[in-house]
Structures are given as structure tokens and as C-alpha cells.
Amino acid sequence: MIDVNFFDELRIGLATADDIRRWSKGEVKKPETINYRTLKPEKDGLFCERIFGPTRDWECACGKYKRVRYKGIICERCGVEVTKSKVRRERMGHIELAAPVTHIWYFKGVPSRLGYLLDLAPKDLERIIYFAANIITSVDDEARHADQTTLEAEMLLEKKDVEADMESEIAERAAKLEEDLAELEAAGAKADARNKVKKAAEKEMQHIRERAEREIDRLEEIWQTFIKLAPKQMIIDETIYEELVDRYEDYFTGGMGAEAIQTLIRNFDLDSEAEELREIINNGKGQKKMRALKRLKVVAAFQRSGNDPAGMVLDCIPVIPPELRPMVQLDGGRFATSDLNDLYRRVINRNNRLKRMIELGAPEIIVNNEKRMLQESVDALFDNGRRGRPVTGPGNRPLKSLSDLLKGKQGRFRQNLLGKRVDYSGRSVIIVGPQLKLHECGLPKLMALELFKPFVMKRLVENDYAQNIKSAKRMVERQRPEVWDVLEEAISEHPVMLNRAPTLHRLGIQAFEPKLVEGKAIQLHPLACEAFNADFDGDQMAVHLPLSAEAQAEARILMLASNNILSPASGKPLAMPRLDMVTGLYYLTMDKNENEIGGQGAYASATEEGPAQGVYSSYAEAIMARDRGVLGLQAKIKVRISHLRPPVDIEAEQFPEGWNKGDVWLADTTLGRIMFNELLPWNYPYLEGVMVRKGGGTGKIMLGDVINDLAATYPMITVAQTMDKMKDAGFYWATRSGVTITMSDVLVLPNKEEILDRYEAEARKIERKYWEQGALTERERYDRLVELWKDATDEVGNAVEKLYPDDNPIPMIVKSGAAGNMRQIWTLAGMKGMVVNSKGDYITRPIKTSFREGLSVLEYFNNSHGSRKGLADTALRTADSGYLTRRLVDVAQDVIVREDDCGTKQGIRVPVAVEVKDAEGNVTGYTGHSLIETSVAGRVAATAVKDAEGNVMVEPGENLTDQLIDELIAAGVKEVKVRSVLTCQTPTGVCAKCYGKSMATGKLVDIGEAVGIVAAQSIGEPGTQLTMRTFHQGGVGGDITGGLPRVQELFEARVPKNRAPIASVAGTVHLDDEGNFYTLTINPDDGSDVVVYEKLSKRQGLATVRVPMESNPGAMIERTLAEGDHVEVGDRLLRGPADPHDVLEVLGRRGVEQHLVDEVQDVYRAQGVAIHDKHIEIIIRQMLRRGTVIESGSTEFLPGTLVDLSEAKAANAEALANGGQPAELRSEIMGITKASLATESWLSAASFQETTRVLTDAAINKRSDKLIGLKENVIIGKLIPAGTGISRYRNISVKPTEAARNAAYSIPTYGDSIYGDDGYGEFTGASVPLDEAYDL
């Protein structure tokens, strides 16, 4: 077997018959498989041991040679080589065909490669191949020309003979008629009898003339056909072809079936054909030029690759190894076999029958029919169902052909090469493990024992519990007590990986240190749930064991849960307290008044009656007061604190030099808040406020912001420890808080009826206007009722909110952000409001009752529509989202950080600061742009950034940290030019500077990071949260696609529904009203020709524009585009989305990049999902990587082909250097599916979609896969060239330090090492920069 690490590229080409014979170990001659009595393979059959190798290791078929000592001997009795039975997985056979057959991929694929090569229409080709027509393969023009006069004379002579025969026949018949008439007259027959005889004779003579004319016409047709006969001419009429063969067979050759095609291919001159086609392309136009271009692609492919086109017609076919198409015996003595065996059997049967017929000299028609059947059986073997009805097996099931084995989710690529199952893995249900640390998981004892079995057995032998491995194995299987102690040792510091399907992003698989637990369920840390999207309602997780030291190191350093706190999509923390923990922390940090429970002992200033209350000298004293029951947890008190850092404002005021541990300050706080701050690192500024997960507001602190801040300023280990403390405190105080939900906590609004009566009256008025007065259209009635009842729901909801006291558990849960939202409380206690029907339109009767009161039957029925639609949508969305992720991964999988800096000066401009104006419109300061988090953060400056005075604030190439961005905002810098993957000049992949920082680590991205995969996961993972809805815009503009379908539409670069045309020039608008349409004319500002847009739909509506108010020119208003308005280049003229192809044409590459980023982000932001722009930019870079060649210049490119822009750049540079003409290209935007299939790697494209088409194309072009991306390396089993598998890390050998060497080579009885140091290099233990240490 070839070792995958010893080759760098993989090439695919066309196999000739000689190649197939060379691979083969023998010819399969019989259709038999195995003997059903002896169960041994039949000789020369499909499982023959002589051809494919022995079925048992080191044993020949007849049993003469057994054991390994006869290795390599070929038995003289049975002819079987003594070797391992594994060779039956790799040895091939072949079938010698009695007649050639065409390969269905090349004849039936779209486009038909055979058809393009030979310039034959696929229909004609099919007629020839399946023996329905003859084709002329060659004509001897010289001989024909030389003998033409003689042949013509012969033909004219034959014509004269025919005419002479006709004349004599007619004369004979006329003479006979005379006799007959004479006889009749003599007999005294009547006139009508004579006429009858006369007519019959005339009719006969007419027939004779017609027959002769037909004969002459046929002779003329045969002669004309012969004179004009040319190669590749098809003759459908069998009789004409036979006549031609009879008369002129010396002057031409022809035939039918694959044999004729083979002859044509052998006579085909690639070079002269390519020359002719290039001539047509240069001088021709229209359809002719297009056809020539398409044909040249195929001809040039054969020319360039050196493939022999004759490989498309097969003289022999390969038989794949028998272990890959096995036959197994079932219980009842029957056999289950792979479909391939049936298909091979059909081929062999028909082939043998054809051989026999040819030997017997059967009539041609029978032989041709048998040849056609052989062709069909080979077609079915290669690709069943591609042509005609598929061959079916038992139960009318189409048999799986060789093509079907590769295709689809169950095919070889996706099932066995990209998705292997692995050993050392298990799965079980998960339960919560609140006692665990963030980097730990609970592993059931039995599962751990099975997973770590080899490690345990090794240790048992090492520790002398067992004499050998066999007895150690027995001990493990019997679960002896000592095994458990050894297991504890084996699992310590050996991380395991947990995975929850679906693994939508890289945090769906993380490493943990196992802790042994009783029971059979895996225990998961509560904070890890968010990343896995796990809950404990029966979810299962898989456990995988990293075996090698390198794998363990990677799991511990890169994948440990405590090192993966931040989301790779947005850089926000994913491991955050949720649910109970949030409730607990909210309860702990609340503040209450003296008269509320938990508020006793609050601060009261000193009065004449007594000293101040609620003042404590230390945190310890406050704790003591609580233990005595005089101080509530949430009471506001004053405490002297010296062990925690003061809040920022107090520190600035009281400790201008900076605060040191031990410096005393006075906190105005609650005991609970001190307890919370105790959880944070001691030098983190004190937080005074109530902790919430979402919602924010005055006096509230977002937990996410705190963790973000911690992650940015402290090492990961500190962050992980802090979060564990938060988790413990959250659970502890959630338990103590007694927050529960019961029916009595749901308070019902007393005055709901009054509110609803008011709205009911309004609704009646609207209904009356529609039904009785006809003053409203159906649409207006609908819109008004929807609006009315939405207002009603809001009013009832807001009233309900005011009804609840702060200490009611329901608002506590909602306000803390632990679960639910206010809308759900409205539904529980107020009213459900409007619901949708199954089409997604609102039902105009609202649900007026709350769930607490209970719904009426009609309300329940109305509500069930929407609920079911919701569930159906969710299911569809999950599937669609998964497919989108798969396409995104495929298009971006080879985008890896390849180098540190590509050295480009280019970049994109992103907004930073926005002016803050007062009522008069004066600028009072600056604030950060709303999109700063997802556009500027984590980038590298492309050029120097200067403030208003011209001082350089940021140097080119400097990272834009949060601190720098704050400084830029303060200085009022409105936009900066940053490096972006869109402008990166690295040919394959991207450079670290253009990518910026990795969102998951907060540091500049490492070389080798698979940023393309991260980008695809970051976009695909939130896909399930996006809606499936199509929004209805009240009558105008039709439906607006939103949510997931919109994202797909953008990434596939489809023309959107109701697309809006865009202005190609800047100028003034002139509108003409033409019934249902507008005609819009733009008068350009530069005075060039006017641009006219016709047939603009009124129904779609004109676009909205922002214009200054007449009364207050400082303010802007939105209104519909009108006569005399000014439009800029790229402005939309109608409502609806713009077509990306139009945007590319009008605004160029940068314009379409910006358009796509903005549009995709709009969809995600609408759902509250934060994704950094750089992820979307990576996908867009892949969509815009190629261009169409318009003029090829002096390059090798063909006009009309898609080429990689970096490839074209290199080719143009070479052409210019040699004094030639560069190629002209037009930028193209390709959808992600098309871009994936156009990738350089044929392995990656074939495993994605349209497997057979990709492989057909790759084989003709003899494509070579350079194994640059991840997918192709996974398929062939190499380490992926990303992360730690990148080449610069591959050749590193680790050298021990002095201390380590002494420890390794010391002998206990002697003090010193007996090895001298001169045998070693200098090991100082210092790390060596990789690039200097090795020439990489």
C-alpha cells in the first residue's frame, strides 16, 4: 500500500485498455460467484482466488500450502498465491469485451464530451452507439474522384437498363391487352366488360412505370449519397447503407455501435481540429463561435493533458476487488450480495453469449442486437439509470451502480472518507454536574474502564498486579477492585473530548478532564451547555479519547473547555451563567428597602436618639451581623473595604496614584454585592449594581460585559476560576432565594374587560366601514384591524407589567434575564393577542384570554394554526440551515492563514465615530458607530490614522485594540482604512494581518488557523435562529424575503424576487406615468446621454429616498422617489432588493462586496445575532475569486472560461514579460455552490455535489489535486494542512533540557551521569523561533 505521507498531489485521468489490463491480476471469464455447496469461490468467476488472492491468510485454495512459511509461492495445483487475504481488498480483475463499448459518463454526461469531440449531436451519437443508425468513418476521396466518370457511366447504364426493362414490360402488357380485347370482341362481350379489362391493363402498366421510376430515383439517391459521402455522416436508412456497401465498399468504411465511434476517435487529429476551432473563434460570431468555444474546451483538454481520447471507448472493463463488493451468507442459507455482482454478472453473461455468436457466425442483425445489450449492461454497471429505465433487482429496486457508490450522503466520499466512525469512543445521556470545575466532566466508571482499557492493562502489568497482558485483560473484564485504583491513575490528566450532535461550530466538540462518577450518565459542566447548545432533557453526547501524546497535548492546550470561553463568531463569551445561576446572582445583588424581606438593618444616618445604623468596619463584621440575623442580604449598608479594588470613579477621586491592596475606602453597597465582588479577582474594579444577563439599564450590570472584560484583561485560567465561583454562588443563592413558580404567582388584570370593550367598539366601527359603507378595501380593513388589536395587546401587556411587585418570582426570572421575556408574561396573565394562520397571515380576531384564564374552543383552534406552523418552520429551518453550513464550509474550506503579512497597502474603509449634536445642530462630542463591534474591532490598520491636528494616532499595521478604538472615537476620527481579507494578496488562503485578531482568543490569528471553516461555522451556526418568514408589506412591493432564505439568496448570488433596478449614472430623475408602469429617465450630471428605465412596476413601488425637510434643512425625512429628485450611482429606483450582478456591473467589485456584507448583516442583526464582518468577507472573497476571460491575449486561457484571478494575474505578468498581450478579464460573482464546484481541487468538488460530472471533467483534463485544502487531505487520510498539521510544525523534533537528560540517563547507584556531555548538542531549554531554526 502507498503511504499517504509520501505524495503531494493526486491526479485523475482516463484509463486506456492497456492500463486496465496492467492493473488486472487476471481475466474474469465466468459469471459464477461461489459454489453454494462448498462455499468456495468458483474458478475464473467473480470471486476467483487465483485472480484476487486467497480467502484465508497464508493458505492456497486447494490447501496444499498452509502457514506463512510458504509466503509468495504460487500453488501449481490451484494457481493461488500464498499471501494475506487482505489482498482481496486491492487486487483487480478485468473482463475482455467481445466488442468495444462507450463509457456512459463521456457520452451521456451534460455536456456530452464525446459529442463535443466528434462534433456530433447527442441524439445522433445515441443512435449510432445503440445500433439505430450507421456512420461513415472514412472516405477514400482520391479513388472516388479518379473513378467517378467510370462509376457514373455504370450508374447511367444501369438506369438505361431499368428504362429498357420497363419499356419491354409495358410493350408485352400492351400486346397482351390487344389479345384480350380481341378475344372479348369475338365472344361478343359488352362494352363495359371490355373497358374493365382495359382499365386493369392500364393500371398494371402504370405500376410498372412507377416501379421503374422508383428504382431510377433510388439509383440516383444512392449515387448522390455516394458522391457527397463524408466522414461522420450518418445514414439512418438501412437499405441505402447496404446498397452503398454492395456497390462502393472499396471507397469508404462505415459501421454502427461503439466500434464505429472508436474508429472515428482513432482517425481524429486533435491538433488540426484545435487549429480550425481557434480560427472560427477568432473570425466567427454568434452561435457558431459559441459552439466552437465549447468544443475547443474539450479538444484542448485532450491536447493539454495528453489523455488518449480512445479511453472513452472501452475494449475491456476493470472488475473491482471482491472484498469491496462482498457476498455474505445469511441465517437461512441464502446469500446477500452487493448489487455490483449482479451488474457484473449481466455483463459477463452477455459478453460470453456475444463471443459464442461471433464464433458461430450468426447473422449480423442478431450479433448487433447482442452488442447493443452488452453496451446497455456496461452502462448499467457504470451508471445505472442514466439512460433509459434502470436495471432493477428484487422488489423493483434500482441496482446501485459504481457511480451510485460514490454519490450522495451514503456514497463513498461522504459516508466513508469524510465521516468515518472511530474506535475509543462511546456515547451516553448527559446530566448536570454542578460540582465540576469548568475543565472537568463526569465520566461513568464503566464507560471509562472500557475506553481506557489498554492504558489500564498496561499499568496493571507495570504495577505487578498482573503477570502479562492476557491476565490483565481478564482482570479488567472481571472488574477486580484493584482495577479501579489503576483506572483513577490512568485517567488523571488524560483529557477526553465530548461532542454533541449537531456539531454546528467548533465549540460543539471540547476537551475535559474526566472525573469518575457512579451511574451511566455523563456529567456536563453547566457553563459548557451554551456552546454545545445542550440541555438535560434527554440529550446524548459522544466521548472520544485522544491517544497519542500529541493528540492529548492538542486537546489540553487548544480544546480544553476553560480555554474556549469566547465565541469564534463574535468574540463574546459563550460560557456564561444562565437560568438558575443568573437568578441566584440577581437575587444576591438586589437591593431592598428596610421594610422588605432581606432589607432589614439598612443604613440609617445618626440622629439625636442614637448613632447611625448599618455601618460596618469590615466585610467580616457585616457577615457576623447577618449571622446574628440583624442584617439582610440585600440591605443597603456602608462598609469599610481594604481587600477589594474600589470602583473606577472612587479610585480616580481618592487614589490618584492608583490603589494598592490594603488601602481603605468606604463602600455604599449591600452585603450580597460584596459577596459577588469577592468572586471576582481582587484587583478588578468593584461592581455596584444588580447582575442581569440581558436587559441592562440604570443600576444594572450585564454579566456578559463583566466576563468580556475579564477575558480581555486576565489570563484564561483566572477567568475560568472566576466563572466557576460565579456558578457555585449562582446555584447556592438560587436555592436560598426560594424562587419558584406556581399558579398563584400569575396575577390576572382586574380591569381587562374595560380595556378590551373600548377596542371592541373600535373594531366594530372598522367592520361597519367595510361591510356596510364600503369605505375600506379588504387590505385596508385587514391592516387596520391588525394594527388595532396589536395596540390592545400592548396596552393590556403594559398594564399587566405594572401589576407585578418586584419580589414576585415571575418578573424576577424575566428581569434577571434568566429565562423568558415580558411577552410571555403578557400571554400568561394578559392576553395572547394576534395569531397567524398557516399561510403566515394574521387572523383578524385576537385571542383575548390569557393562559391563566384559559382559552375558548374557537381561540384554541385559532391558536393551534400558528403553533403548528412554528413547529413545521423550525424543522425546515434546521435542515436548510445545515445545508447552508455545508455549502459555506465547502466554499471556504481551503482558506487558511498561510503567512504573516502579504504586504498589501490596500484595505477597506470602516466607520468609527459618529457626531453627537444638540438641539441646534452643533457637534457636542463623539460616540462609537453602532456597528463598531462587528466591523472595526479586531482589525489591523492599513494606513496611518491621524486626528484633526494631523498627529499620527495609529501606525500602519498596528492592531486596533479596544483602547485604541476608544481613543479614535474621543478624537472624532470618523472612519479608518483597515486591512481586510477582501484585499489580501496571498494567492491561496489569507495572511494574518489582513484577517486581524482571532475572535476566540483576542490575539492576532496564528498561521495555520483554518479561518475559512471558522467563518462558515460562524455564519451557519445561528442559521437555525433565523426565521423562514416572507414578510408581507401592506400591498406594495409584494413579499420581502427575509431570514434564512434571504441569506441563501445572497450567498448563492441569485437574482432576487422583485429585484430593484439601480441607477448606473448620477443625475436627475424624470418620471413618466404609463398605466401600470413608470418609465424613468435619468439626466446625467456630466451631460452624457440620458439613461432610460422602462416598464418599472407600479405595484412594486418606487424606492424611498432621504431628503432634507423644507422647514428645517438640518433634519432629514424619508419619502418616495419623485420627479426632479437627484440619484447617485448605485441608488435603487424601486422598492425591493438589488441584484448583486447589477451592483457588480455598476459599482464594481468593492461595491458588491459592501452590498453583500451589509445585506447579510441586516438579516442577522434583525435576529440579534452578532457576527463579525470578517467571516462574511471570507465567503464573499471566495465568491469573487474568479473572472471570465474576454480576450485571451498571449495567454493559454480560452475566451469565455472562468479562471482564478490570482492565476490570471500571474499568467498576464508572464505574457507581458515575454512581450505578449495580457488576457482581458471581467469580474464575476459566483454563488457558493457554483464556486465550490469550480474549486481547483477535484477531490473536494467531487465530495460536495454532482460527483460524476466533476470526476468526468477532472479525468478529461487529467486534473491534479495539489492537496491544499482540508477536505482533500481528510479524504486521502493525511493530516490536514492547518493548525498543528501545517508543514512548518511537522518536522520539529523535541530536544530535552540538561535536567531532563540527566533524569533520563542517570543510574541510581552513582551520583553523576555516566554519559559525557560531548555526545549532545547545547540544550539550554530556550525556545527557538521556528523560522530561524529550520528552513521552512
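The chain as shown is numbered from 1 upward.
Positions of Cβ are set from backbone N, Cα and C atoms, glycine also.
Residues annotated as Zn(2+) 1 binding site in Swiss-Prot, with sequence analysis given as evidence: Cys60, Cys62, Cys75, Cys78. Annotation comment: Swiss-Prot describes Asp535, Asp537, Asp539 as Mg(2+) binding site, evidence class sequence analysis. Summarising the annotation, Swiss-Prot assigns Zn(2+) 2 binding site to Cys902, Cys984, Cys991, Cys994 and lists sequence analysis as the type of evidence.
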So what sits near Cys994 (Zn(2+) 2 binding site) in its own chain, CB-to-CB under 8 Å and at least six residues off in sequence? Cys902, Thr904, Val940, Arg979, Ser980, Val981, Thr983, Cys984, Thr986
For Asp535 (Mg(2+) binding site), which of the binding-site residues Cys60, Cys62, Cys75, Cys78 has the nearest Cα in space? Cys60
What are the other residues, in sequence order, whose C-beta lies within 8 angstroms of the center of the C-beta atoms of Cys902, Cys984, Cys991, Cys994 at the Zn(2+) 2 site? Glu899, Asp901, Thr904, Arg979, Val981, Thr983, Gln985, Thr986, Val990, Ala992, Lys993, Tyr995
Sparsest-packed among the binding-site residues, when each Cβ's other Cβ atoms within 10 Å are tallied, from Asp535, Asp537, Asp539: Asp537
Restricting the comparison to the binding-site residues Cys60, Cys62, Cys75, Cys78, which residue's C-alpha is spatially nearest the C-alpha of Asp539 (Mg(2+) binding site)? Cys60
Please work out which residue of Cys60, Cys902, Cys984 has the most C-beta neighbours within 10 angstroms of its C-beta, and give that one of the binding-site residues. Cys984
Three-class DSSP secondary structure - Cys60 (Zn(2+) 1 binding site): coil
Residues with Cβ closer than 8 Å to the Cβ of Cys75 (Zn(2+) 1 binding site), same chain and 6+ apart in sequence? Cys60, Ala61, Cys62, Lys64, Tyr65, Glu81, Val82
Given the Zn(2+) 1 site residues Cys60, Cys62, Cys75, Cys78, which other residues of that chain have a Cβ within 8 Å of the mean position of their Cβ atoms, reported in sequence order? Ala61, Gly63, Lys64, Tyr65, Glu76, Arg77, Gly79, Val80
Do you know offhand how many angstrom separate Cys78 (Zn(2+) 1 binding site) and Asp537 (Mg(2+) binding site) by C-alpha? 62
What Cα-Cα separation, expressed in whole Å, is found between Cys991 (Zn(2+) 2 binding site) and Asp537 (Mg(2+) binding site)? 44
Cβ-Cβ neighbours of Cys78 (Zn(2+) 1 binding site) (radius 10 Å): 16
Using CB atoms and a 10 A radius, I'd like the single residue among the binding-site residues Cys62, Cys991 with the highest neighbour count. Cys991
Helix, strand or coil at Cys991 (Zn(2+) 2 binding site), per DSSP? strand
